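Undergrad: One structure is given below, represented as structure tokens, and several questions about it will come after.
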């Protein structure tokens, strides 16, 4: 790898985190990072200019971005196809730029001889694969900050930018899975700035996506060039209930409901295709099944909401916001699904505003009534001390993970009224946790327990949430709360450093990162 190879910078520890929950309520609280004592600075001239040792655990890299990589997406059928997006430079008028790369060209790292471990620059040492772009995503006049492939088959690649543009490309992949082709379809611009783009998982509504905008609006589009070649990007719905920037959105697993949050601290769960209206389950506005805002002080989070996730069963929505606040709210069930372990023992701690239905005391009625618990605040959590950047429900266990700006990860047990199962305070060395995501297709004893995280410290980590047993490398890193793997290679600890996102496929075997240092890395589990 050339001199542009990313490197690791140490991050300062932050030991000022206050205790946010009584110890009696916590099943397991692990303080992973011991506070380091201050060390006097050595003024000897010989210490000046000490060589910085580069460290890269990646098996492949892509370094043709000229500035931060803000967005990353993975094809749902061909996971070796990765789209990345960012800025073409750090100037105010720099255009957005994106690429599609094929990570199947990355070779697994061989077992290295002892000589490599002692001297990585030795002749003949293994080097990571340099990846080349298959396709360049152009046409944005400002940074690309949102990317997705449509569901269920990835027929289209969609890019969203800070210029408000939504650009669509048709994806053609031969039956061999190689030699993918991309063709520009069209663009739409309904807002000044796109914040996020999310694909609808409903097979009944293929190639449908939602976006949230900086003006608070929410838009749903269906992409269908065959239906109308002159208008391939068709507006399905548009919503204007948020009064400030719409910061995050998530679809229910059946693709019928869309939950969005905003800096105005509101949550709206939209009945996109009218399924709830047909069952008389919408609120008075006729658009949502749940709407909660600052008028309900029991739900209100001062400082805004910035993350959202819906449980696999569709019965719960979790939102995260400023000052470590998390609220868990009940949702109506629109499709026939068995009761999930995630909701079996969740007990409402607060009642929603007037007009919301309270959860009935009879559990059998709750299972038969699709409206049971809709809009009820089931839990109000404040374990972490700073904003909640990311939320993830386990696909197979009753767990909710939250990543915070304070550098910690909290795991809540949904089967026990969202008690804290684990609080990893030093998960990313005092730097903000950017994303947490459970491995969806883990099998056997680890099914539903494996969690991947990334942060502004420039490190990606894999955790086993079953217990606190750590590997030797975890102990060496000072982390003992179930860390089983960590990958380094990005700069961290400041502007121009950190991991801004990742994708890991269904099995988590390869993790691909978007770096604030303008580099994309491929790591192997």
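Glycine too: its Cβ is placed from the backbone N, Cα and C atoms.
Predicted automatically and left uncurated, TrEMBL annotations should be read as such.
Sharing the feature lines straight out of TrEMBL:
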REGION    1-49  region 'Disordered'
COMPBIAS  11-49  compositional bias 'Acidic residues'
REPEAT    137-169  repeat 'WD'
REGION    337-371  region 'Disordered'
COMPBIAS  360-370  compositional bias 'Polar residues'
REPEAT    381-422  repeat 'WD'
Undergrad: Counting only residues 6 or more past its boundaries, what in the same chain has a CB within less than 8 Å of a CB in the repeat 'WD' (137-169)?
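TA: Here the qualifying positions are 67-68, 70-78, 81, 83-87, 94-100, 182-203, 206-209, 211, 213, 221, 223, 232-233.
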Undergrad: For a three-state summary based on DSSP, what are the helix, strand and coil counts in the repeat 'WD' (137-169)?
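TA: Counts, helix then strand then coil: 0 helix, 17 strand, 16 coil.
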Undergrad: DSSP says what for the repeat 'WD' (381-422): how many helix, strand, coil residues?
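TA: Here the numbers are 3 helix, 22 strand, 17 coil.
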Undergrad: Give me the mean pLDDT over the repeat 'WD' (137-169), rounded to a whole number.
TA: 98
